[in-house]
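Below: the structure, in structure tokens.
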């Protein structure tokens, strides 16, 4: 698929939002609560990643189907495996070795969840701050495993499935699982956490509709204003739904307005560089910052939050250049034909 200008910049904005939230920048500058924090929360940064993931994966599947008439499931799984799994397993094994060495205090019960990509379902008592952020990667992996199979059933079924899943997440939320609320973080369970992914999938399906294209190109200024209004909406049911819809609409806007001022900003070299390394930044920043200021004083890991941030900013580029990038070159053996 031809590169879509602006999307690396969206990744950059997402990871910046997550990191700034996890290192407690907002309280330090006086933002303790209120509507602004609803917009700047780390969950919104992750949500943007989710919408973008659903959007891009569906777009890739649509393009492959149009070009070849089929979906190569094996090649799809191999490309996703090469992108996600190596760094993930290296990172959690790094924390495991620190735990074995007595430098961290990680509950043993977390490891079966971590190594099976079900860490988003782990009980609160099993979690550890340095790997608590990896729940989102588990949700992503569940999406990668299921969505291509649903897509193969046909366009109409896939659209219905994505819409039904999103609607169920919005209207039922945690209610089917409330009995687990005291022991688990229900907000990280695949249902309803994957709702933003479904919005991204739906955005990809309507992307090249002539009516949608005309609206997003002929009324680009008004559309962008409406998107901005939606992204600052309150974080209650209607607001959260509007927020997901707004992010999905933003991706459609970017796709159809490649020469806009917004896209030119997102295409600045620093934004592209951060976006390209966003996966490594996400994985390593949480491990080294502990995803927040709380610490167990008896253990040296994770280091103090600010030190951890600097360490992660050094490790992530090295990780990308020395480890991730060479592995990503192997994806050429599983290209879409």
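Cβ atoms here come from the backbone N, Cα and C positions, even for glycine.
Straight from TrEMBL, the features:
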| type | residues | note |
| --- | --- | --- |
| DOMAIN | 5-289 | domain 'Acyltransferase 3' |
| TRANSMEM | 12-31 | transmembrane segment |
| TRANSMEM | 43-62 | transmembrane segment |
| TRANSMEM | 82-102 | transmembrane segment |
| TRANSMEM | 157-174 | transmembrane segment |
| TRANSMEM | 186-207 | transmembrane segment |
| TRANSMEM | 222-255 | transmembrane segment |
| TRANSMEM | 267-287 | transmembrane segment |
| TRANSMEM | 307-323 | transmembrane segment |
If we call contact 3 or more Cβ pairs under 8 Å (sequence gap 6 or more), are the transmembrane segment (43-62) and the transmembrane segment (186-207) touching?
yes
Within the same chain, where does the transmembrane segment (267-287) have neighbours whose Cβ lies under 8 angstroms from its own Cβ atoms, ignoring anything closer than 6 residues to its ends? I mean 6 or more beyond.
5-16, 18-19, 22, 49, 83-84, 87-88, 91, 94-95, 130-134, 137, 302, 308-309, 312-313, 315-317, 319-320, 324
Take the transmembrane segment (157-174) and find every residue of the same chain, 6 or more past its ends, with a Cβ under 8 Å from one of its Cβ atoms.
54, 58, 150-151, 181, 186-187, 189, 191-192, 194-195, 198-199, 201-202, 205, 237, 240-241, 244
Average pLDDT across the domain 'Acyltransferase 3' (5-289), rounded to a whole number:
90
